[in-house]
Amino acid sequence: MFSVFGLSIPISATELLLASATFCLVFWVVRAWQPRVPKGLKSPPGPWSWPLIGHVLTLGKSPHLALSRLSQRYGDVLQIRIGCTPVLVLSGLDTIRQALVRQGDDFKGRPDLYSFTLVADGQSMTFNPDSGPVWAARRRLAQNALKSFSIASDPASSSSCYLEEHVSKESEYLIGKFQELMAGSGRFDPYRYVVVSVANVICAMCFGRRYDHESQVLLSVVGLSNEFGAVAASGNPADFIPILRYLPNTALDDFKDLNRRFYIFMQKMLKEHYKTFEKGRIRDITDSLIEHCQGKRLDENANIQLSDEKIVNVVMDLFGAGFDTVTTAISWSLMYLVTSPSVQKKIQEELDTVIGSARQPRLSDRPRLPYLEAFILETFRHSSFLPFTIPHSTTRDTSLNGFYIPKGRCVFVNQWQINHDQKLWDDPSAFWPERFLTADGTINKALSEKVILFGLGKRKCIGETIARWEVFLFLAILLQQVEFRVTPGVKVDMTPVYGLTMKHAHCEHFQAHMRS
């Protein structure tokens, strides 16, 4: 028995020695597990965490808000744990630009998360951990294919490019559909129709054809995308707590099945293209990729080929880049229009002055419609419906703001925090498109570049430019002809629901009135 501070403790010398040895072993393991920090650098700060689960409870149902609050206490570079996995969290515009742009090679990796291996058979450019020359070459090819079939023009069309042609047709369909619904029930939920039209645009770009809106092919694509968003929104704890992969997990099983079905669908579309492919007559993005596969190198300085089985993965990435983001952006835009009728009126006055009613808006009108552009920027900023980028990881040992970051560290980039940072924005909680306009009514370019929604640097969304064009065209054409309202007395719920893309509650009380 030992006496400590006058208290008798019933413990033998052997037990005390064993307890001391256990403590020393645990202490040594913990110290060995932590990376050695080079002299002159520090480890990122962060809050105390629970054993095994880490900061899961701290993150709660709104991780973007929880991590924004933590950044106010610990700074722009902080570290948390999800399960037993350390995660670096970046906030602040300057810090994120430093990491993703100036030190882009250090932060261009993707973490080797289990859920990422389930997307596109583990070969997705977007989710794959590979960041070497093969990945870079495929990314360039995908960007070029997407761009060429967006800005290229159809000789038989009066539109300036394929994207303009497809969006114009879908916008006209939506206007007609909204009037049909108004003649019936007098109200509707625009999301269910917008999502199908946006899917039809990307189908036309990727597969060379638009579908009837009741087509089972088109509706199955929409259904798969909606399922992906719903399942991804719940997150995959198995990414950070590996033992969960081997326990009953309905959400994970659903995610596996969803990706399998989407992969099978894309393979079917690719097989149909191979049957009808004619060299020299390129109809769409898939044909363009097949042509490269059959004889062109992706990189003239390296022997890098695009195999047949990889084409389906590239098409899946492009489809994802051009679908959910655009749908969500338009959906949020419509919500802001009905909750800010004075803003909608200003946009329509600008359209009337610049374009009139004799013709449809075109992409070339974009520089002459600054208020509409300011509205889109404010929608992106205020909603921040992509609160985080897809997680990054470090490709080598590096440092940031004086903190040591080891190779392979998972990195969360908090875009929501930037878009609501009081250091950057006056009254960030207010929806105010005018903040982006200069005294002479033009777009404040420096301020517009502070809105971060599509990521930055080498992993920036490949569909960003096309997404911005598409959102602009849909809104310009719709607002030229239609005034949106909600049923009198109905309060619109703008509360965002956290997910891969944050959605608002569906509103079934929209009304669309034709403008005179």
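In case you wondered, yes, glycine gets a Cβ from its N, Cα and C as well.
Swiss-Prot lists region 'Mitochondrial targeting signal' for one of the ranges 33-44, 273-284, namely 33-44. Broken down with DSSP, the region 'Mitochondrial targeting signal' (33-44) shows 1 helix, 1 strand, 10 coil. Distance between Cα atoms for PHE228 (substrate binding site) and SER71 (O-linked glycosylation site): 30 Å, as a whole number. Neighbour count (other Cβ atoms within 10 Å of the Cβ, all protein chains): 20 for SER71 (O-linked glycosylation site). Non-local contacts of CYS461 (heme binding site) by the CB criterion (under 8 A, 6+ apart in sequence, same chain) comprise ALA321, THR325, PHE454, GLY455, ALA467. In this structure, CYS461 (heme binding site) belongs to neither helix nor strand by DSSP; it is coil.
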